[in-house]
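As annotated by TrEMBL, region 'Disordered' applies to 1-51. Under the heading compositional bias 'Low complexity', TrEMBL lists 15-51. The domain 'EGF-like' annotation in TrEMBL covers 122-160. Feature annotation from TrEMBL assigns disulfide bond to Cys150-Cys159.
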Amino acid sequence: MPKYSYELDFGGGDVSTTTTPAATTTAVSTTTVTSSESAAPSSSEKPTTTAIPPIPTIGPRKCGNVEDTDICYYENSREPCDICEGVMCPVGKKCVKRDKMCLADCVCEKDTDVVDKDGICRNPCYKNQCQNGGSCVVDANKLSKFRCECLKEYEGVLCENMHNFCLDPKPSFCPAGQYTCQMLGFQNYTCECAEGFFYDISGKTCVKVGEIVNITLVFKQTYYSELYNNVTHPEAIEARRTISAAFSKIYGDHLIRLVFDNFTQGSLVANMKLMLKLDDSGAFRSNERIFKQFLLDCDTQNTACFGSLGKAYLPYDGWAAKDERCGNVVCPQYTVCEPIDGQPGKTQCVCIDGFEATGSTVDNQGRLIQLCEDIDECALNPCPTVEECQNTPGNFTCTQDTTIATCPSGSKIVVTGPFSYRCECSWIYAGSDCRFRELLVNFVFNDAIPQVDTSSL
């Protein structure tokens, strides 16, 4: 747009207009009005002129806000403007309008960059602060931030800590089921079944033991003297394999583990420890009935149920079972663990003797916990009338009440404790309660009387 300059002649001449190429303003036409009688006014007259519009500012117009709004306008105008027009930001930065304000800011060109202490825009990972081989990655969810992707052996914000594999949802070398994990050092840890749990036959899963049985099995027609207390002997290995196969057939996946203690001399006697889950009924002793029925069927059907070992029988004390359903259960005070028959693996904590349930709750393992309150046995008057009842948690005691104590006339009550006393008897009474009169008897024996010799008198 052409640039205009103005020359004003108040002496009656024309208004001349000059155009230059670098104009940034718009020319305004003006005129000068003179007297109708003479082009040159007399000394007593003054020229009459129209009002001259404001002369535009030469150079860039200022951009700002009006009435404290966030919309930018040119100064003295209602024409919108770009607050960043003409703003020169340092290398790597760009001009942006500040949110809800007509102000310009220079920010990093890349949204992921951050300004360092020298005011330079840099990628957040330019220092690579990740340790122990960790990789720095710009966080897509938090621009201008970074995160470290650690090697599996490390953890922490900067991969500065050794990774605790035991805190993983499922450590690679730990079994399925309930287990405990312990770190042994860098990238080294060990896992064991939790208390009350044992590896199953596969050795890969920890399962809850419902019953542990010490069992003695006698094979009366089999004699293997070479395998007595010799676990590596081929015959011992074969015997263990044969017996294990039989128990696996009997109990299936209810057999958790079979541990051989030893073989004794004479007829082959196998001492073992069975770790079993309860059967589907969840009833204790059902496994014993199943095994005894198995032995009975073998005998009546004349079947060698233990292969080359032949038939077997249980001695009278050959099956010693222990209920393990509450083996590792810890119940609150005044309660005790009780298995729930018919629900395998289920237990509950019930009130001990001397307490009664006032309600119940469920713990974080789904176990029912009774809320217990002490029974006041003294309210039932369990003590004799001469004794006082003292209630204790879950029990009571009866003690002698000195306030109603009596001693025979002439004797004295001596208090020996809060609820005890004794009678201090008068001289003619005896016994703890002074109710026995002493018998006073004088015995005179003739041979006790001195004899006087009177022959010489």
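Every residue, even glycine, has its Cβ placed from backbone N, Cα and C.
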What number of additional C-beta atoms lies within 10 angstroms of the C-beta atom of Cys159 (disulfide bond)? 22
Cβ-Cβ distance under 8 Å, sequence separation of 6 or more, same chain as Cys150 (disulfide bond); the residues meeting this, in order, are Cys130, Asn132, Gly134, Gly156, Cys159, His163
Reported mean pLDDT - the domain 'EGF-like' (122-160): 84
